[in-house]
Amino acid sequence: MTDRQYPIPSDFASVSNLKPSDYRTLYERSVTDREGFFRDQGARVHWMTAPSHVGDWSFESPVKIEWYKDGVLNVTESCLDRHLETRGDKVAILFEGDEPGNSRKLTYRELHGEVCRFANVLKARGATKGDRITLYMPMIPEAAVAMLACARIGAVHSVVFGGFSPEALAGRIVDCDSHILITADEGVRGGRTVPLKVNADAACQIAAKAGVSVDTQLVVRRTGGDVSWDADRDVWLHEAVASVSGDCSPEPMSAEDPLFILYTSGSTGQPKGVLHTCGGYLVWAAMTHDYVFDLKEDDVYWCSADVGWVTGHTYIVYGPLANGATTVMFEGIPTYPDASRFWQVCDDHQVTLFYTAPTAIRALMREGDGPVQKTSRSSLRLLGTVGEPINPEAWEWYFHTVGEGRCPIIDTWWQTETGGAMIVPLPGTTPMKPGAGTFPMFGVEPALVDADGNTLSGATEGNLILKTSWPGQMRTVYGDHERFEQTYFSTYPGSYFTGDGARRDEDGMYWITGRVDDVINVSGHRMGTAEVESALGSHPSVAESAVVGYPHNIKGQGIYAYVTTTAGTEETDALKAELVKHVRTEIGPIASPDLIQFSSGLPKTRSGKIMRRILRKIAANDYGNLGDTSTLADPSVVDALIDGRMSG
Ligand code: ATP
Ligand code: MG
């Protein structure tokens, strides 16, 4: 494959905060004088007591990670109180409801007041520092308010995506032994209501059977729909806030006290309760949000993720608010009422910085250019992406059709575990290659290793590890430090193993090739699934594809491709043959798919990621134990795929 390269768009380059030479200077310092660099970065947050320590950590067993450990802070002071004087009337949260025209603005002053009242409600229900509080919320400002209210009193929030089932919610309540649940009567997405309270009630019952009783359910009224009520347990938020004060002093927290638990999306197995702490996480959130988005005071910043994912935590709530930015919260979906919605919202609110996921970009790309071209998008100056490798085809569409070549595409590689962006083409500093994550964030020291842990140099491909700690690193798996060590530090002792594979090109740029579990080994040649999928995706008849390995008599592993075609395509054997030929020309004969299955849908997690472990089982004709499928967005897809496999 040829790697196309685009220069920094010139209008952007002339006003960017960072210039190409800044990257080298800052990166150099961040790795040669880590103490000094991160001591300075620590000043991005407000400390009650400034830390004298910076990083204290070891990746050798027993793994210990601490940053700014003797510092004392409350993250809400950085996100709210300190802005009151200069930004009190600035919009903090700009809410865009599911239904167009339903929007609402909360200034920093208003947000501060709401957080304090909410915090006092939690206190009145007995919540104290260290308690775990579960949130199961729609994308409404109250979700952010609830998170901050927990932080205000030192409670640890665990946000569970509002699309999860009662079983999945209960599992997470039980795992972190949480006795307060914050939810809403109903959510609204894409014109349909989501029965949050009904699910939450069911989850409480399931949790009770597992020995964890939720004694307070705090309910936000979103739709006013009918809900059943348990007077001992359930409390309406709007009633409870009426009787509490608007003052709530922030709980002093040690930098290493927990801030939140967040369960990973479960693409590879049982979700893990990732634990982040107050000090280092907030420094990392603020620092990366500033650098990654070239933040300026008058930006209107929109991250379309859900607060149920780490992207929502770091880049809707904590990063933007710590930086005093205006952050858009969107309740709806990209295709409601039609496929123009994202761009319409950008026009309506004059959004300047927009951040979304490849899955959304591909879904909108399927609908053609028309819905985009109906809108102006003239306010946009930067476009970001996160969650999966972005195939060059989708990248090009995002760059040319959505951004009209004016906006850099900032492809951010990171994980729930990393707290914030780790490999990213920092705006203004580097030319871009469609699909390349490019260069490490300041302080991040990636390396590529082979299966035996030997470090590979130069242009090469291997397993991606991180050699040193950074402030936003997760500290443990909640309640299971052994699993933490086992999962991340046992494969390559002394390093953090990301679980992802990557390629480094001649320019030193990193390309994430997908999860290492997903690497296919064909006759001894290792291939990333992302590469084959990108090749398939560049064929005009392919809307989306997922590639896995399956047992093959001769080659060891064969390549199995699930292909979703573009609307109106005839799914013939001739097309299959053409696709095989296409991949041969794009990558080489070694990458030719051995089997192609047309499938109208792919199994995705609720955050939109393809669950290749299920596809691997189906390709291998192994339908017995598909593993944990509770995080699937649409489980029925699996049956359709099995039918297709058996008849194929
Ligand atoms: P689990 O760990 O439970 O399997 P998950 O890995 O999907 O779930 P997340 O932490 O949400 O949970 O996702 C991080 C992963 O997403 C990364 O390890 C990587 O595989 C993928 N990813 C995220 N952003 C990018 C990106 N910009 N380019 C390539 N891959 C990405
Ligand atoms: Mg992961």
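Glycine is no exception: its Cβ is also placed from the backbone N, Cα and C atoms.
Here TrEMBL flags ARG189, GLY190, GLY191, ARG192, THR311, SER523, ARG584 as CoA binding site. Positions annotated as ATP binding site by TrEMBL: GLY387, GLU388, PRO389, ASP411, THR412, TRP413, TRP414, GLN415, THR416, ASP500, ARG515, ARG526. Under the heading Mg(2+) binding site, TrEMBL lists HIS539, VAL542. Sequence annotations record features per position, and here TrEMBL assigns domain 'Acetyl-coenzyme A synthetase N-terminal' to 23-79. Marked as domain 'AMP-dependent synthetase/ligase' by TrEMBL: 81-469. The domain 'AMP-binding enzyme C-terminal' annotation in TrEMBL covers 531-609. Annotation comment: TrEMBL describes LYS609 as N6-acetyllysine.
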Residue distribution over DSSP helix, strand and coil in the domain 'Acetyl-coenzyme A synthetase N-terminal' (23-79): 24 helix, 11 strand, 22 coil
Listed in sequence order, residues with CB under 8 A of GLY190 (CoA binding site) and six or more positions away: ASP98, GLY332, ILE333, THR335, TYR336
Cβ-Cβ neighbours of SER523 (CoA binding site) (radius 10 Å): 11
Recorded positions near ligand 1 among ARG189, THR416, SER523, LYS609 (Cβ under 6 Å): THR416, LYS609
Cβ-based isolation winner (fewest other Cβ atoms within 10 Å) among the binding-site residues THR311, THR416: THR416
Cα separation, THR412 (ATP binding site) to SER523 (CoA binding site) (Å, whole number): 32
THR311 (CoA binding site) and ARG515 (ATP binding site), distance between Cα atoms, whole Å: 19
Residues of the domain 'AMP-binding enzyme C-terminal' (531-609) by DSSP state, where helix covers H, G and I: 24 helix, 27 strand, 28 coil
Of ARG192, HIS539, ARG584, LYS609 (the recorded positions), the residue whose Cβ has the fewest other Cβ atoms within 10 Å: ARG192
Which of GLY191, GLY387, PRO389, all binding-site residues, has a Cβ with the fewest other Cβ atoms inside 10 Å: GLY191
Local backbone state of ARG189 (CoA binding site), from DSSP in three classes: strand
Whole-number Å value for how far THR416 (ATP binding site) lies from HIS539 (Mg(2+) binding site) (Cα to Cα): 32
Candidate nearest ARG192 (CoA binding site) in space, where candidates are the recorded positions GLY387, PRO389, THR412, TRP414, LYS609 and distance is Cα-Cα: LYS609
Whole-number Å value for how far GLY387 (ATP binding site) lies from the residue listed as 'N6-acetyllysine' (Cα to Cα): 7
C-beta crowding around THR412 (ATP binding site), within 10 angstroms: 23
